[in-house]
Amino acid sequence: MSFFKEYALQYFVSKNILTQKQKDAIDGYNKLGLFSLRNELLFLISVSVLFFTSGIGVLVYKNIDSIGHQILLIALFVCTVACFYFAYKKANGFQKEQFFFKNPLYDYLVTLTTLLGCIFIGYFQYNLKLEYTNYNVSSLLAGIFSVIMAYYFDSTSALTVSISSFATFVGLSLSSYVFINGSFTDETTVLFSAILFGIILLVWEYFTVKTKIKLHFGFVFLMFAVHIINVACISGLNFDIYWWLCCLVLLASTYYFYQKSFQYKSIALYVFTLLYGYIGFNQILVAILYSTDFLAALVLYCTPFYLLASIVFFIKAVKKFNAHKHDEA
């Protein structure tokens, strides 16, 4: 056992946090030299699921004309139904609260079922070969299928797939509509659709908290929303017309996610909120300074000190957040 562990145990005994008997039991366990490979094995399983579904996609793409569409569709459908059956057999049905499979392998089976189902939906629509086919329909259907899997089997992985599918549907459908009608020549529609989709995720999170249905899903919605809204707003600061609106939305979202980070006690949400707010603030500051030429020399000399002060601010802010989180715990 390392010196640090021995010192820590002795310190806990001296502070009456541990008894001598408990310390001896911990020493005996540490001397056995046991270690767990559970996390490593679960990581390998998740990687194998991604490789398998990627391989299925490559197989379909490479042999789309040689194997036959019907054979591939039947094979995908059989695999999806088989995976769904085994997951359904071990599930306890829909529950409002969070639940876990007795065997964590079934969580990855749900993820595999979701990905295979999405591949089947997309390939099935491609096989129809309808004239003027809107492939955004497959994104919508994949999102609906994934969200059903997420809520029934309590799978955050399936929920992530569903949100990604809905985001693809919203962005591409609006872009296709704008392109066909020729009413826009820039990316303003995509920009505002991204902001609107992020707001929809926030509303989804709000009703999740109010109804207490899959309460732990709320954090997933927030993490998607903080990236989608803030990235869209930062990109919108480059627009000549709507930059002021993006600035207001960025300011409001920074305050909102700042409050939410304390509510969820999430250091990740807190850091991303500060980071996006910092990037947006600097982008506006640089635009203002560049409009006044006589401040160029002052900016050149002050930049190193500004960066140093920013680093110190981030470190102190993170420490303050961690201290606040532990005080409430």
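Numbering starts at 1 and runs along the chain as displayed.
Glycine residues also receive a Cβ, built from the backbone N, Cα and C atoms like all the rest.
A TrEMBL annotation is a machine prediction, not a hand-curated record.
The domain 'DUF2157' annotation in TrEMBL covers 12-158.
The transmembrane segment feature in TrEMBL is assigned to 41-61 (among others). Packing against the transmembrane segment (41-61) from elsewhere in the chain are residues 72, 76, 79, 104-105, 108, 111-112, 115-116, 119, 123: each is 6 or more residues past its ends and has a CB under 8 Å from a CB in it.
If one looks beyond the transmembrane segment (67-88) by at least 6 residues along the same chain, the residues whose Cβ comes under 8 Å of a Cβ in the stretch are 56, 59-60, 106, 109-110, 112-113, 116-117, 119-120, 123-124, 127, 153. Annotated transmembrane segment per TrEMBL: 67-88 (among others), in sequence order.
According to TrEMBL, the transmembrane segment annotation covers 108-126 (among others). Beyond the ends of the transmembrane segment (108-126), by six or more residues, the same chain brings 42, 45-46, 49, 52-53, 56-57, 60, 69, 72-73, 76-77, 79-80, 83-84, 86-87, 133, 135, 137-138, 141-142, 145-146, 149-150, 153, 155, 157-158, 161, 165 to within a C-beta distance below 8 angstroms of the stretch.
Annotated transmembrane segment per TrEMBL: 132-153 (among others), in sequence order. Listed as Cβ neighbours of the transmembrane segment (132-153) (distance under 8 Å, sequence separation of 6 or more from its ends, same chain) are residues 87, 91, 93-94, 110, 113-114, 117-118, 121-122, 124-126, 159, 161-163, 165-166, 168-169, 172-173, 176, 213-214, 217.
Look at TrEMBL and you will find 165-184 (among others) tagged as transmembrane segment.
The annotation transmembrane segment is assigned in TrEMBL to 190-208 (among others). With a cut-off of 8 Å between Cβ atoms, the residues of this chain six or more beyond the transmembrane segment (190-208) that come close are 163, 166-167, 170-171, 174-175, 214-215, 217-218, 221-222, 224-225, 228-229, 231-233, 235-236, 239, 242, 246, 249, 253, 256.
Annotation comment: TrEMBL describes 215-235 (among others) as transmembrane segment.
Annotated transmembrane segment per TrEMBL: 241-258 (among others), in sequence order. Remote same-chain partners of the transmembrane segment (241-258), defined as residues 6 or more beyond its termini with a Cβ less than 8 Å from a stretch Cβ, comprise 188, 191, 195, 198, 202, 222, 225-226, 229-230, 232-235, 269-270, 272-274, 276-277, 280, 284.
Positions annotated as transmembrane segment by TrEMBL: 267-288 (among others).
According to TrEMBL, the feature transmembrane segment maps to 294-315 (among others).
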Message: I need to check the long-range neighbours of the transmembrane segment (215-235): which residues 6 or more away from its ends have a CB within less than 8 Å of a CB in the stretch?
response: 97-98, 150, 156, 159-160, 163, 167, 191, 194-195, 197-199, 201-202, 204-205, 208-209, 246-247, 249-250, 253-254, 257, 260, 264, 266, 268-269, 272-273, 276-277, 279-280, 283
Per-state residue totals over the domain 'DUF2157' (12-158) - DSSP helix, strand, coil: 107 helix, 0 strand, 40 coil
